[in-house]
Amino acid sequence: MTLSLGHTTRTSSNILPLTFFLRHHTHSPLPHQHGPCCVFSATELRSFHRRRPPQRGGEQVRLPCGSSLPLSRLLRASPNCTFHNSRCQISLLLPHPSSLLAFQKRLLIPHLGSFSALPLSSFHHEKFPFLNNSRTFVSDADSGLEEDCDGRGVSGESRVDLDEVHKVCKVIDELFALDRNMEAVLDECGFQLSHDLVVEVLQRFKHARKPAFRFFCWAGKSPGFAHDSRTYNCMMSVLGRTRQFETMVALLEEMGEKGLLTMETFSIAIKAFSEAKQRKKAVGIFDLMKKHGFKVGVDVINFLLESLGAAKLGKEAQAVFEKLRDRFTPNLQTYTILLSGWCRLKNLLEAGRVWNEMIDGGLKPDIVAHNVMLEGLLKCKKKSDAIKLFEIMKAKGPSPNVRSYTIIIQDFCKQKMTGEAIEYFDEMVDRGCQPDVALYTCLITGFGKQKKMDMVYNLLKEMRERGCSPDGRTYNALIKLMTSQHMPDDAVRIYKKMIQSGIEPTIHSYNMIMKSYFMAKNYEMGHVIWDEMHQKGCCPDDNSYAVLIGGLIRQDRSGDACRYLEEMLEKGMKAPQLDYNKFASDISKTGNTVILEELARKMNFVGKFEVSNILASWVDMMKKSAKRREHTNSASQFI
């Protein structure tokens, strides 16, 4: 890579020592033992995998004989080592292009500008993640950007007429609130229902469970159409996402009666309960599986443990494992999942115990397990220990892969140590490990946060030269970069290039751009983005409505904000976190008590009692104020 130009050396004083030497024992309590801090120079680190002695004084580190060891031996090092971080001085390889564009009223239509050099790529809908044995354990480190994965889930490649889908969605949007009319109009329109069409419509209302469920029920009663496993699973996913568990389980039982259950059905239920932190109900799905003749094997148990761990229920996942361990034979993936769960909770003591238990069971930690531990050490700010583990991997195996380097490089980028990040990138390429999109996205995010836009453009250019096309996360990282620097016009240009490249924007893409425009007080373009999101068939989520409602309030359009707030509640969505006292105060200035009364009633109906009380108190104040004014006016007329 051509990004590292000059190197200087400095001493790092913020590297923490290893504080958890673990005994090679499985069930005994594992006390904390404080060990010496082991730090390396950059020259020493490179010398390990190149098999040459360090080029500076000090005691040479002796590596253990392989990485299939207890952590107490794996990370133990000599007491007199020092670590010097090498920092790259990066020059301006490309001139910084001007980021300010002339405002255009309809910015979504004009031609592309400076991002026209971005390569094209095809888009494939993400499959629903179920019983994934690839053991990749992908996390936010892949891109340096936290983002909701807006996959299609249960549906595959859609072959439906999108114009027909749009017509159906328009009927639902316009008539859902009128209660009785929606189904009648859908009947009159004579739509040719197919499973693809139903799945596509449900996807467009995946955050709005009430209209989605009404459409699902209407479709099921339509002549000549019967739901299959795909449409049921899609509706299950919507109900699980919105935590309508009673209806979700009833639908599961209905599928069982019709013989439509699949393993994916159970995976949706397990994941939904896990995300809601309802461990017992997630485990209870096993009983339903047995009831309907499905086998509960190690892959299913691993999926449950992984779902619990992803919801930061590592302790609960461990408890489930202990309860079920006599009923199945744990494999390497089982222990790696438990290890990941504890690392998410930053509990290195328990992570080390699981590591040692894995080895006691005759299982050798592979590259995935090492990467999980590497990321766990960095999350707990044990950088020196992570570096030791990384060097041991290079010297004794398993050899670091692109994911390993991404984990290390992302940590350097978070600390604005982009020089060190580039050093590791160069080292990775020298070792014959090819960078992927996730790694480039991580570097783009790191340089972008430091406003080194010349490096961002250079990385994009290099990606194209290597035949590594940006994906959805890369584009979203660029959009986030532009919106964080209050440059929404540039964010829209990236959005347009994203669509031109055949990549579907996610709800996160729209939310970032819309919020950026509202923060810049460009309310017109904020509404254009909202409309564009609907036209592209992207279902607004809770955050979308919160951004729009907040923008309307700042625009002194409290009446419209109230209308969208009611729309959220009617769709079965959660009310956003707002300053409802200020919101009610703004509405009170209009003197319209009917709006607040209706909103207070709906808030009470959905269980938002505190918000309902706030709004009701403002209604009372408005009525009392109106009576006082009437009394004063009457007295004035009498005088």
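Any Cβ shown, glycine's included, is placed from N, Cα and C.
Quick look at what TrEMBL annotates:
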type   : residues : note
REPEAT : 228-262  : repeat 'PPR'
REPEAT : 331-365  : repeat 'PPR'
REPEAT : 366-400  : repeat 'PPR'
REPEAT : 401-435  : repeat 'PPR'
REPEAT : 436-470  : repeat 'PPR'
REPEAT : 471-505  : repeat 'PPR'
REPEAT : 506-540  : repeat 'PPR'
REPEAT : 541-575  : repeat 'PPR'
- Item | Segment confidence, the repeat 'PPR' (506-540), expressed as mean pLDDT | 89
- DSSP tally for the repeat 'PPR' (228-262), helix/strand/coil in that order, comes to 27 helix, 0 strand, 8 coil
- Note on the structure: Taking DSSP H, G, I as helix and E, B as strand, the repeat 'PPR' (401-435) contains 26 helix, 0 strand, 9 coil
- Message: Which residues of the chain, 6 or more past the ends of the repeat 'PPR' (228-262), have a CB below 8 A from one of its CBs?
- Response: 128, 153-155, 195, 198-199, 202-203, 205-207, 209, 212-213, 216, 219, 268-269, 271-273, 275-276, 278, 281, 288, 291-292, 294, 572-573
